[in-house]
Ligand code: ATP
Ligand code: TZP
Ligand code: MG
Ligand code: MG
């Protein structure tokens, strides 16, 4: 059974502490997929919610000290209850605050999957990569090698997205060649992807790497079909159709279009 089928069958509760830009899009994307979103950051309840969830997704996109404490409380509770934690270090490297907060989060909890653009992951490792606000700039490093290094350092699955996506646990590495450039014209497509990874991890039974690879490929397939159906329109129509496709893409359609390649190391 595909992880997509497992997500839809189990309707996992996904606890999100996320940014103000993407909260609605992320909740709608999770619902379309077949997961159950819960957006909450009050200190009084985040540990309880994390403990009852299938996954916790932490996103520092519009961070502040209150939300960071919420993330620490939720992440530690998730660790105590064996709930997988996804971290999206939005804009790590863009400011010292974001870089420091990211380091604090990864040192106070065990992350299950780190998902970012190449610049963000490079800065988590203390390496330089050009970054413009929350977007990765151009660079010519070895992205797969960077992901492996991060995975070994953080002892987690690392996902670096862009034109091609790379996912690794430090031992096995996959490249995913699905998706479409129009995804870069809609804000929050990276953030929603991190939440979707959370839903797949929740339904994975601990097969983190394989579930993450399928999440990336499925997401890209949904984007490809949405783009085909809205080609003569703009990013607004694409965004709506993309939500439709997160709900409509079947395991069979996914399997026919999925482009996942295992890299030799
Ligand atoms: P950034 O802020 O640098 O755009 P992000 O957090 O938005 O980063 P992305 O790297 O844009 O994350 O990834 C979000 C989704 O968009 C992923 O599914 C990725 O595969 C896809 N994507 C990004 N750029 C392209 C591209 N040029 N072609 C195809 N798919 C892309
Ligand atoms: N500003 C702060 S968070 C955010 C913006 C525009 C959303 C970023 O979303 P994504 O998924 O990284 O494009
Ligand atoms: Mg993007
Ligand atoms: Mg992002």
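Positions of Cβ are set from backbone N, Cα and C atoms, glycine also.
Note that TrEMBL annotation is computational and uncurated.
Lifted from TrEMBL, the feature list:
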BINDING   39, 188  substrate binding site
BINDING   115, 161  ATP binding site
Would you kindly give the Cα-Cα distance separating residue 115 (ATP binding site) and residue 188 (substrate binding site), rounded to the nearest Å?
13
Using DSSP and three states only, what is residue 39 (substrate binding site)?
strand
Using a 10 Å radius on the Cβ of residue 39 (substrate binding site), the other Cβ atoms enclosed count 17
Could you state the CA-to-CA distance between residue 115 (ATP binding site) and residue 39 (substrate binding site) to the nearest Å?
19
Rounded inter-Cα distance in Å - residue 161 (ATP binding site), residue 39 (substrate binding site):
24
Reduced DSSP assignment, residue 188 (substrate binding site)
coil
In the three-state scheme derived from DSSP, which category covers residue 115 (ATP binding site)?
strand
Can you check which residue among the binding-site residues 115, 161, 188 has the largest number of Cβ atoms within 10 Å of its own?
115
